[in-house]
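A short write-up of the structure that comes next.
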Amino acid sequence: MEEGNVFIARSCALLANSFSSLFDLTRCSAVAAVRAGGLTGGRDRRGMAGAAGVGGGAAYQGRRGGVLGDVADGAGGEGLDGAHKPLRQGLPPPAGEDLQVRPPGGGRREGHCGFSDGLGPDSDVQREGACNLVWPEDRIIIQVLDDSTDLEVKQLVKKECEMWHEKGKNIRYETRANRNGYKAGALKVGMTYAYVDTCEYIAMFDADFQPMSDFLIRTVPFLVHNPNIALVQARWKFVNASECLMTRTQEMSMDFHFKVEQESGSTAWAFFGYNGTAGVWRIKAIGDAGGWQDRTTVEDMDLAVRAGLSGWKFLYLGDVKVISELPSTFKAYRYQQHRWSCGPANLFRKLFWNVLLAKEVSIGMKFYVLYNFFIARRIVSHFVTFLFYCLLIPTSVFFPEVEIPSWGVIYVPTTITLLNSVGTPSSFHLVIFWVLFENVMALHRCKAVLIGLLEIGRVNEWVVTEKLGDMMKTKPDSTTSKLRFKFKDRFNLLEIVVAIYLFICACYDCKYSTDAYFIYIFPQSIAFFIMGIGYVGTIIPGGNS
């Protein structure tokens, strides 16, 4: 059987859930090194796995000589669609496989390895962080990369690492003198340590991500048994999706991204954009692609495109879910969406000729990357959404001679919206609010795309996405003081101007026209106004926020 080494990287917020998520916590990363040779029956080699969070790890033993040993006994590929079979060679053990798990404190306990999503209240699968990942204790190293500038956070993280070290965990706490390159810079430095040299894989998790204890068992085998795969990406699930209407709409967009975009890219081309967390990379592929680069704010997508152009294949596992948190304040969400829109546009500018001249991929793959992955999805779609539905249609009410066909105003948009909303059936009744919300955000994304394409202004701005965690439930007065901002900072002038214009268009259409566009324009103007005054998402109590 082929050997495999895993390296997992993750942010410090996963540190065993011993403290509430603080606003600066996303500047830490943790790395866990895994020694996998003994599991696969090969020589005694080391691997590394990066994992967010620190929780109790556990060694395991399968019924027939190890979990990966069960894979070799014929668990691979059956029941999968044909497009995925070439990539899914060497699957984890089938659901129902019994494992014997040894807790960190000694002794033995029986475990059940049923591969459901593990998110239910009755699940036996733990989600305590990197130290609770099911992997032999003598074959895993956890590296915490702390890039935080908040002394309170640094002390909490360091103390947590020391606690797990005293419990026998092989955990390393690493910091650096500056934050050059942000996340890409931290990862680049983290991989220069001597104990990383013998590793084969790296799994990464951001600060607010909590992997299930069986994460490695369900992802590493694909890399071990298929040398063509560079990346195995898991799906995100959100612990605070029901916190407010804004997080519900975010969940709908993210579910579409994972269930449709990532799944289709994996199935059709074995390529998609790496999400920057909840994934496992083959370190050799990272090296072949040129390593981590900080030239844009989307170092994850940058690496994925370069690796894909080098001929490596990606695999998305929608049934492997990692719990995370959505930004619940509008200010944090705007900063996040600016980075997620500006970064890809700027990356397109920098990689255009690299894609055209790539020798390791087909013309069809080049067309897919340039047109579908970049132009259609990450550039044109934002402009079509805003210009057509928020400017063209409203402005047409002043020109009776301009007639927009019904299929362009009603039928096609309705069909696309319904298809996009199937990813979250439980929120289908919110589809109208989702459309209004996304139309407003399209304005913000268009501005970010222009900044990225022209490489001006805030093109390389990196603002850490604030996550509230349990702040609102624990110490709202003390822990949220840093998140408060002045009342005037809640106003977004551009959205307010568009809201006023749309309101004028709706009033004119209601008075003088017969096309009834005002039925749509009035709600859209209200949406722009509400988001223009920042009255959306979670409002921090106290102060003037």
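Glycine too: its Cβ is placed from the backbone N, Cα and C atoms.
The domain 'Glycosyltransferase 2-like' annotation in TrEMBL covers 201-392.
Here TrEMBL flags 74-123 as region 'Disordered'.
Per TrEMBL, the feature transmembrane segment maps to 351-371 (among others).
Residues or ranges marked as transmembrane segment in TrEMBL: 383-399 (among others).
Look at TrEMBL and you will find 411-437 (among others) tagged as transmembrane segment. Tertiary proximity for the transmembrane segment (411-437) is limited to same-chain residues at least six positions away from its ends with a CB under 8 Å from its CB atoms, namely 245-246, 248-249, 251-253, 255-256, 258-260, 389, 523-524, 527, 531.
Annotation source TrEMBL lists transmembrane segment at 491-511 (among others).
Annotation comment: TrEMBL describes 517-540 (among others) as transmembrane segment.
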Using Cβ atoms and a strict cutoff of less than 8 Å, what residues sit near the transmembrane segment (517-540) while being 6 or more residues removed from its termini? 243-247, 327-331, 333, 389-390, 393-394, 396-397, 409, 432, 436-437, 439-440, 443, 468, 472, 476, 480, 483-484, 489-496, 498-503, 505-507, 509-510
State the non-local partners of the transmembrane segment (491-511) in its own chain: residues 6+ outside its ends, Cβ under 8 Å from one of its Cβ atoms. 334, 390, 394-395, 397-398, 440, 443, 447, 517-518, 521-522, 524-529, 531-534
